[in-house]
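Chemist: Dumping what Swiss-Prot says about this protein:
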TRANSMEM  8-28  transmembrane segment
TRANSMEM  35-55  transmembrane segment
TRANSMEM  71-91  transmembrane segment
TRANSMEM  105-125  transmembrane segment
TRANSMEM  127-147  transmembrane segment
TRANSMEM  159-179  transmembrane segment
TRANSMEM  203-223  transmembrane segment
TRANSMEM  235-255  transmembrane segment
TRANSMEM  271-291  transmembrane segment
TRANSMEM  297-317  transmembrane segment
TRANSMEM  373-393  transmembrane segment
TRANSMEM  455-475  transmembrane segment
Amino acid sequence: MTITPQNLIALLPLLIVGLTVVVVMLSIAWRRNHFLNATLSVIGLNAALVSLWFVGQAGAMDVTPLMRVDGFAMLYTGLVLLASLATCTFAYPWLEGYNDNKDEFYLLVLIAALGGILLANANHLASLFLGIELISLPLFGLVGYAFRQKRSLEASIKYTILSAAASSFLLFGMALVYAQSGDLSFVALGKNLGDGMLNEPLLLAGFGLMIVGLGFKLSLVPFHLWTPDVYQGAPAPVSTFLATASKIAIFGVVMRLFLYAPMGDSEAIRVVLAIIAFASIIFGNLMALSQTNIKRLLGYSSISHLGYLLVALIALQTGEMSMEAVGVYLAGYLFSSLGAFGVVSLMSSPYRGPDADSLYSYRGLFWHRPILAAVMTVMMLSLAGIPMTLGFIGKFYVLAVGVQAHLWWLVGAVVVGSASGLYYYLRVAVSLYLHAPEQPGRDAPSNWQYSAGGIVVLISALLVLVLGVWPQPLISIVRLAMPLM
């Protein structure tokens, strides 16, 4: 096929991030300069974000059989770029205290962002697999970046081995789907999967294996066992990327697959997904109740959040409100997670060995860093789904689509999960205002609010509050992003 100027405009975010990868790589080869390479990475990601405006002007189109650029792709590309940008800004002060090679960190984040953008645009099982591998491979290095710490190295090895196993399940599942349907394109799959075909054993086995592979990447029960250990062992800025960009990109492509290939029409697949959603919500919240490590706590809570999103995915056949629910919920989850992990990153910067991830490190934070404590409180309230925060709007949407689709037992799970989630989120928030220990173990820099990471954290808190009270701008953006079927 011929690549036209319109196609190149549609691929601008991908091309800009790819070019930034090359520029940063050459810059590292020429001369190691931490500030220069961090700045180049941030400029490249910002340029990719700005280019989305030009992509919108070009309109929806299929760019090669592997990719479709439309409003849906633009929304998820934007969310991935925001998460990558935040990761780079949190990493800069953290790396200032790191004595080994700093610059490769940005290179790995940029390559992972490239994978996320590819996933947001994927319209074919081949591009889905390529995107997942492109986002996973750099994460093996990022998770073990603090390799002199046993916990970080252990997390990296665990994530690498389990991720490779999950990828093999995903690939084998795709092979079985191809054997039955004769095509790997999402649109062709939708056309080829007739009424009777969804009950074919080979096809069900293929989709089942794909659910195992994708369930691992999304930390869904029972494929979640790596999540708390990897979140705890990875450096705080890397945990930010894992919790946000990685999950958002993969969930976005899964939703597009469900939109085009009506897998939800199969009763067997719906039942399996409903059981996974129920188990993720209940187990994620129950395990988070006993955690005293903030990164582990947020790891378990991310399992429950993906369970809530799965409820909206199961209800996808009932209408466009489910797509709206997923978009709003993911935006709320992104800003809340960026704020929470951002505070952990600021408290852990510059690098001084293990991160400040113990709940005790945050005890009495309000008395010497009041604004930082207020930001953390807002994030905990949003993740808990308290009214007047963006997290509440997202959770309300999920409940609404669950009721609309008559998924009563899953609605019950969302209510019970949210109620139990209140306990551990409020426990973190309350500890910020307790009597401070005489000698605090870790603390954020005194001028944290003037750093790039501090500004990102403050903007995230502001967006969570403003969009929680007035969500219409976000809802309008999500509605514009409905894929043009």
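Along the chain as shown, the residues are counted starting at 1.
Even glycines carry a Cβ here, placed using N, Cα and C.
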Chemist: Using a Cβ cut-off of under 8 Å, list the residues of the same chain at least 6 residues beyond the transmembrane segment (297-317) that approach it.
Modeler: 218-221, 224, 227-228, 230-232, 239, 243, 247, 251, 254-255, 258-259, 262, 264-265, 270, 273-274, 276-281, 283-285, 287-288, 291, 323, 325-326, 329-330, 333, 337, 340-341, 359, 383, 395, 397-398, 401-402, 404-405, 407, 410-411, 413-414, 417, 421, 424-425, 428
Chemist: Let me check one thing: do the transmembrane segment (235-255) and the transmembrane segment (35-55) come into contact, meaning three or more Cβ pairs under 8 Å with sequence separation of at least 6?
Modeler: no
Chemist: Which bits of the chain, at least 6 residues beyond where the transmembrane segment (159-179) starts or stops, bring a Cβ under 8 A of a Cβ in it?
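Modeler: Residues 125, 129, 132-133, 136, 139-140, 143, 189, 202-203, 205-214, 216-217, 223, 225-226, 230 contact the transmembrane segment (159-179) from elsewhere in the chain.
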Chemist: Counting only pairs 6 or more apart in sequence, are there at least 3 Cβ pairs under 8 Å between the transmembrane segment (35-55) and the transmembrane segment (105-125)?
Modeler: yes
Chemist: Let me spell it out: take the transmembrane segment (271-291), skip the flanking residues so only those 6+ beyond its ends count, and list any with a Cβ under 8 Å from a Cβ in it.
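Modeler: Contacts with the transmembrane segment (271-291): 208, 211, 215, 220-222, 224, 228, 264, 297, 300-308, 310-311, 313-314, 407, 409-410, 413-414, 416-417, 420-421, 423-424.
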Chemist: So are the transmembrane segment (455-475) and the transmembrane segment (71-91) touching or not, going by 3+ C-beta pairs under 8 A with a sequence gap of 6 or more?
Modeler: yes
